[in-house]
Structure formats: structure tokens, C-alpha cells
Amino acid sequence: MGDGDSPMCLSAVSFKGIRCWLDKLLLWALTISITLQNAAVDCTRVENNELPSPNLNSSMNVVRMGQNVSLSCSTKNTSVDITYSLFWGTKYLESKRRRGGAVDFHLRISNANESGPYKCKVNVSNLMKYSQDFNFTMAKDESCPSCRLSLLLPGLLLGILVIVLVLAYLIHLKYKKGKKTQREDQSKGSGDAPAQDELYVNACKTQTEQPQEIHYATPVFKEMAPMEEEGGTDGKADYIYSELTH
């Protein structure tokens with residue numbers, strides 16, 4: 001009896017196996033059919049310029065400076081290859097390519113200006129669509145010493161630079177004034193020199209001139225005869241004349 005039941009058991013097992021295999025085949029065919037239908041719908045939308053706009057969001061809206069954040073760009077079109085591009089204002093940041101779904105962009109907020117706005121662009125063939133703007137909110141943390149230091153450091157450097165420039169200007173002005181005084185002193189000294197030279201030349205000329213010849217006179221005394229004066233007087237006057245001979 002056992003031998004008689006064996007074919008029936010084998011046939012039942014083989015029937016279940018075939019049925020399981022057929023179920024898997026049917027499920028696989030159904031999945032392929034749905035995928036092809038979705039792809040056809042997406043391609044039809046693309047051909048009809050019906051590319052949906054992407055959505056840009058983040059898991060956190062309030063951030064601090066120096067914090068790492070992520071932005072997710074997603075679209076309803078999931079069956080075609082899509083190029084996702086991220087923009088900060090009008091500045092291009094990064095691009096990623098995948099078949100539909102969503103992509104994540106990782107950023108680091110270094111200053112308050114990097115809070116936004118951000119945009120995501122999807123590109124399929126010759127079609128493109130932009131997402132809405134997204135902005136982060138900067139948290140006001142008063143207990144952040146590094147933040148205060150980053151704000152004070154530029155002002156401190158600017159103050160040091162101004163002091164250095166003022167000192168350099170004063171030193172240059174003092175040096176220029178001293179140089180001008182030295183030039184004036186030199187010009188005065190050069191102005192007195194010709195007068196001294198002239199006096200020296202005159203003195204030399206006076207000393208080098210030939211001395212004048214000195215002539216000596218020798219007196220010669222002669223006795224002259226007395227002369228009578230008119231009017232008649234008895235007195236006689238004797239006169240002695242002399243001549244100088246050189």
C-alpha cells in the first residue's frame with residue numbers, strides 16, 4: 001500500500017512545485033508590466049512637456065554656523081534617468097544623476113549668508129524644472145565664543161592695520177622733515193663758503209702785491225743875501241732857505 005501511495009505523493013509535490021513556480025513567474029511578469037506601464041506614462045509625460053516640478057526640503061530648518069546639513073530633492077517621475085542640480089541663489093553647487101526617486105545633497109553652513117535661498121533643478125532630455133526656494137533659519141546662540149571671536153577678529157586685524165599705517169606715515173613725515181632741515185643747513189654752509197673764499201683771495205692778493213718804493217729826501221741849506229724892504233727899515237732880517245733833493 002505504501003508503494004501505491006508513493007506516485008500520488010510525488011504527483012502532489014510536483015504539482016505544488018509547478019504551481020509555486022507559476023506564481024513566481026506571474027508575479028514577475030506583473031511587476032515588469034507595471035514598471036513598463038509607469039515608464040510609458042513617464043515617457044508620455046516627458047514627450048508632452050509634463051515634467052513635474054521637484055520638491056526640495058531638509059530634515060532640519062534651524063541651523064547654526066559650522067553645522068553640516070542635508071537637502072533632499074525629489075520628484076514624482078521615477079522611471080527615467082534624471083539629472084538633479086543644486087543651486088545656491090544663482091550659483092551652481094553640485095549635480096547628481098539617478099533614475100527617479102530622491103537625491104541628497106550635503107552642505108556645511110559656514111556663515112549666515114549660506115542660509116539660502118537654495119533651489120533644485122531636474123533635467124530630463126531637453127526638459128527642466130525648478131523647485132521652490134528653500135531657506136534655513138540661523139539659530140541665535142549667545143553662548144558661542146567661537147562665533148563672537150570670528151566676528152571680533154576681522155575688526156581687531158583692521159585696527160592693527162590702521163595703527164601700523166599711521167605709524168608708518170608719521171615716521172615717513174619725520175624722516176622727510178629731517179632730510180629737508182639737513183638740506184637747508186647744507187645750502188647755508190655752501191652760501192657762506194664763497195664769501196670766505198673771496199676774503200681769503202683778497203687777503204692773498206693784498207699780501208702778494210709789491211710794496212711801494214719809499215724815497216728819502218735830503219735837506220740842503222743855503223744862505224741867501226738879505227733883501228731890503230720897501231718902506232725903509234733899519235732892521236735886517238736874515239733868511240735861510242733849504243731845498244729837498246730826492
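Cβ coordinates are placed from backbone N, Cα and C, and glycine is handled just like the others.
Keep in mind the model is a prediction, meaning the values are calculated, not measured.
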Listed residues Asn68, Asn77, Asn135, with the one flagged N-linked glycosylation site by Swiss-Prot: Asn68
Residue carrying phosphotyrosine as stated in Swiss-Prot, selected out of Tyr92, Tyr130, Tyr241: Tyr241
Per Swiss-Prot, the disulfide partner of Cys73, chosen from Cys43, Cys120: Cys120
Integer mean pLDDT for the motif 'ITIM motif' (239-244): 56
Local Cβ density at Asn68 (N-linked glycosylation site) - other Cβ atoms counted within 10 Å: 9
